[in-house]
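The following features are taken from Swiss-Prot:
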- 14-42: zinc finger (ZN_FING)
- 48-74: zinc finger (ZN_FING)
- 174-202: zinc finger (ZN_FING)
- 210-236: zinc finger (ZN_FING)
- 316-342: region 'Disordered' (REGION)
- 316-326: compositional bias 'Low complexity' (COMPBIAS)
- 333-342: compositional bias 'Polar residues' (COMPBIAS)
Amino acid sequence: MTPVNVALIRDTKWLTLEVCREFQRGTCSRADAECRFAHPPRVCHVENGRVVACFDSLKGRCTRENCKYLHPPPHLKSQLEVNGRNNLIQQKTAAAMFAQHMQLMLQNAQMSSLASFPMNPSLAANPAMAFNPYMTHPGMGLVPAELLPNGPVLISGNPPLALPGVPGPKPIRTDRLEVCREFQRGNCTRGESECRYAHPTDVSMIEVTDNSVTICMDYIKGRCSREKCKYFHPPPHLQAKLRAAHHQMNHSAANAMALPHGALQLIPKRSALDKANGATPVFNPSVFHCQQALANMQIPQQAFIPTVPMMHGATPSTVSTATPPASNVPYVPTTTGNQLKY
């Protein structure tokens, strides 16, 4: 299986801006640099009330004479830059999770290619397994220890699967705050330093689609130097809330990048079996240790059948009943009646 290169694909959703409807009707009283919606020229392609901003224009390198993409004004350009950074973080997280998923799939494919434990009665035709067809001989399958890695072995388990049809948790937004609806009606009894929603002083800060305001990140970091900032400056209690939400989002992203519990199981290192005659140490390379455990148990077995050259048609039963060689019989001096005595 060839490795898969996960490349970041450019997504144009974060470059999309909503077109000002009043501008389309010709009744917008705000200038291009003041309206929070896009005022595209006629050469730009508008689809379903939205227009795509020019990526090269954001980088300051667009050389087209009549560009079909929108060249946004500075206040919309800064908004698109924030959207681009958030989109880049999401793409990197998705790419890392995809690479992790592919690694687990490759490990599962390698594990499935291993031969399964033999449990076939027809294996009794093998002379080395004739004494018990359901138990692997302790000496079978042994390989030199130098050919295998010395570290522990990691095998893939069953990672937790998401249930279909169950909606996931709503993502936390750390760059936006919901505007207090009671404050918009003029009857909010809580002060600006007590309400958990935003009380913006400028109506142009409010996003109509979701009734929220964009947070000034420079103000939270204590370095906003704009005289009239178009972003919302939250009070101290909302700043603490935003920091807690940002910390929770980073913690969730770190947990998503980590391996899920049970995905990898650690098998302890298997010790090599030293040979008494000084030969190369060997051990059983099976994934599970049941064969080695059975081999170490004191199980009564039948007599050992030596491996000797057999003629065609010979069976293990004929070999077991063969007469042992004369060299193994102890010498005993005997006398017969026909022997002459001097």
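Backbone N, Cα and C define each Cβ position, glycine as well.
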Helix, strand and coil totals (DSSP H, G, I; E, B; other) for the zinc finger (174-202): 5 helix, 5 strand, 19 coil
Reported mean pLDDT - the zinc finger (14-42): 86
